[in-house]
Structure formats: structure tokens, C-alpha cells
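TrEMBL has this to say about the protein:
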{"type": "ACT_SITE", "residues": "Asp33", "note": "active site"}
{"type": "ACT_SITE", "residues": "Asn81", "note": "active site, proton acceptor"}
{"type": "BINDING", "residues": "Asp33, Glu220", "note": "Mg(2+) binding site"}
{"type": "BINDING", "residues": "34-38, Arg46, His50, 78-80, Trp82, Arg84, Arg201, 207-209", "note": "substrate binding site"}
Amino acid sequence: MFKKLRNNNKSESNQFNNLDLHNIPEHVAIIMDGNGRWAKQRKMPRIKGHYEGMQTIKKVTREASDIGIKYLTLYAFSTENWSRPESEVNYIMNLPVNFLKTFLPELIEKNVKVETIGFQKGLPTSTIEAIDHAKEKTKNNTGLRLIFAINYGGRAEIVQSFKTIVDELQHKGLSSDDINEDLINQHLMTKNYPDPELLIRTSGEQRISNFLIWQVSYSEFIFNEKLWPDFDGDELKNCLKIYQSRQRRFGGLSEE
Ligand code: FPP
């Protein structure tokens, strides 16, 4: 799709909101926030907001894949979300099952590879099985990598990585001098992905909430006002447009 449109500049710019297709972030991470408020505004139970949030994931995945984003990481469930009422937790845990039942054929057709980060311990067996099935079915896909952060927390991830690093250093007879950024990167759950250039959080909240706290050191942050169920492909393109208007300096000076 991306290639085909490149041969036709007119439809390319129309379809993609005049985005500069040479400056698309490789990795976009999203904190999908506002499901509960969306439902509350409509006097509906919170789980209805999560259901609609799942539908938004489909829209955003389609758009991300069409635009040529390579990695899309979605914060689906944090290590802190277990403190929600049991019925809500159970509902959210079943969403991957529902999502993959209805959407896996399209993911396969779109060459999307399903992956996860987070702690498997504590997840219901049905959730693990649905995810494992999707991973297996999409393992050879070469398009968008759709990464669900489930039972994920940035601090817990860093703690786990430090434990492994200390064990390995002791085992190999190495010292603290051998600890560097690369070594830490290689022990994070995100070791196979580049850092996100762009982090989006919906619903107007301006917090990081323990999401990819190491990896977003130099990411651009966009706090979008829409509640997640109201977010869609066009809104993603709006965010990319804002991203393209930013200057990334990585602690250096601008060239102007
Ligand atoms: C935040 O909204 C949303 C969540 C904690 C859950 C997000 C999960 C999904 C959208 C579905 C996941 C589906 C798959 C396929 C993995 P909130 O409940 O904190 O909203 P609020 O701040 O308005 O209360």
C-alpha cells in the first residue's frame, strides 16, 4: 500500500493529510486513556468504554499499517491496573480474546505481526492462549509490528532487567564497569524495538503512568484531548502532523 501510493503523489498526499511520508516515526507508542470517562458521559458502564476502546485499536492499527509505521506499542493494561474492580479487570483481560477473534484475519491479511511486552504471570490462561495463537499465526509477517503492553510497568521492567544483569555479570565474572546503556537496553522487554520517536496519550491527561519510562527519554510527547474511544485514524494523522512540525534535538542545538 505504502509503495503503491508512493507512485502516485496526488492520492498519496490526499489520503495521508499531506503528511511527509519521509518523516513518519518508526515507532509510535500510545497510552489509550479515557475509556471510563467516555462511558460515564453516556451513562454507560465503564466496560462499554473499554469495548469501544478495542474498536479504536482496530481503526488505529489499520491507519498505522497503511501509513507505514513500523512499530505501534499500545498500553493495554498496567501492573497497577490490577487494583481496579475485579469485574472490570476480568472484562479487560477478555478483550484480547474478543479482539483477536474478530480481527486476526485482517491482521494476517495486512501482514501485521502481533507481539507483547509485559509480565505473563497473573494473566488468565484464555488471554495467554489467544495472544500465543495470534503470535504464532503472524510470526512470519513483515509489516507493522503491533505490540500490546499487557501487565506492563516501566519500573518493574527495569527492576527485572537489573536482576538479570547482576546475575549475568556475576556469572561471567564481570564488574559494574561493564554496565552501560546498551547493556540495559538489551535486558528490557523492548530489546527488539527502537525507542519510540512519538508517544501519544489521549484524554487530555499529561502523565507517563509508568509506560516505557526508560525508552521515552527522547520521544516527542503529544497529549491529545480526545477520549480513546473517540480517537481514530484521522486523529492519528493529526498527531503525526504535529510530530512533523517539531524539531528533535536530542540535547543538541538546532541547525538553524
Ligand atoms: C484507560 O482508560 C484504559 C485502560 C486501562 C484499558 C485499555 C484497554 C483497551 C482499550 C482494550 C485492550 C484491548 C486489547 C485488544 C489488548 P480508563 O479506564 O483509565 O479511562 P478513564 O481515565 O476515563 O477512567
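Placement of Cβ uses the backbone N, Cα and C atoms for every residue, glycine included.
Automated prediction, rather than curation, is the source of TrEMBL annotations.
As the structure is a computational prediction, the values presented were derived from the model and not from experiment.
Feature map: annotations from TrEMBL on the structure.
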| residue | record | Cβ within 10 Å |
| --- | --- | --- |
| Asp33 | active site | 24 |
| Gly34 | substrate binding site | 25 |
| Gly36 | substrate binding site | 20 |
| Trp38 | substrate binding site | 25 |
| His50 | substrate binding site | 22 |
| Thr79 | substrate binding site | 19 |
| Asn81 | active site, proton acceptor | 18 |
| Arg201 | substrate binding site | 23 |
| Ile208 | substrate binding site | 14 |
| Glu220 | Mg(2+) binding site | 19 |
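Highlighted here are the recorded positions (Asp33, Gly34, His50, Thr79, Trp82, Arg201) whose C-beta falls below 6 Å from ligand 1: Asp33, Gly34, His50, in sequence order.
Asp33 (active site) and Thr79 (substrate binding site) are 15 Å apart (CA-CA, integer value). All chains included, 11 other C-beta atoms sit within 10 angstroms of the C-beta of Trp82 (substrate binding site). Put simply, Ile208 (substrate binding site) is 11 Å from Asp33 (active site) when counted between their Cα atoms. DSSP classifies His50 (substrate binding site) as helix under the three-state reduction.
The Cα of Glu220 (Mg(2+) binding site) lies closest to that of Gly34, out of the recorded positions Gly34, His50, Asn81. Cα-Cα distance from Trp38 (substrate binding site) to the residue listed as 'active site, proton acceptor': 18 Å (rounded to the nearest whole number).
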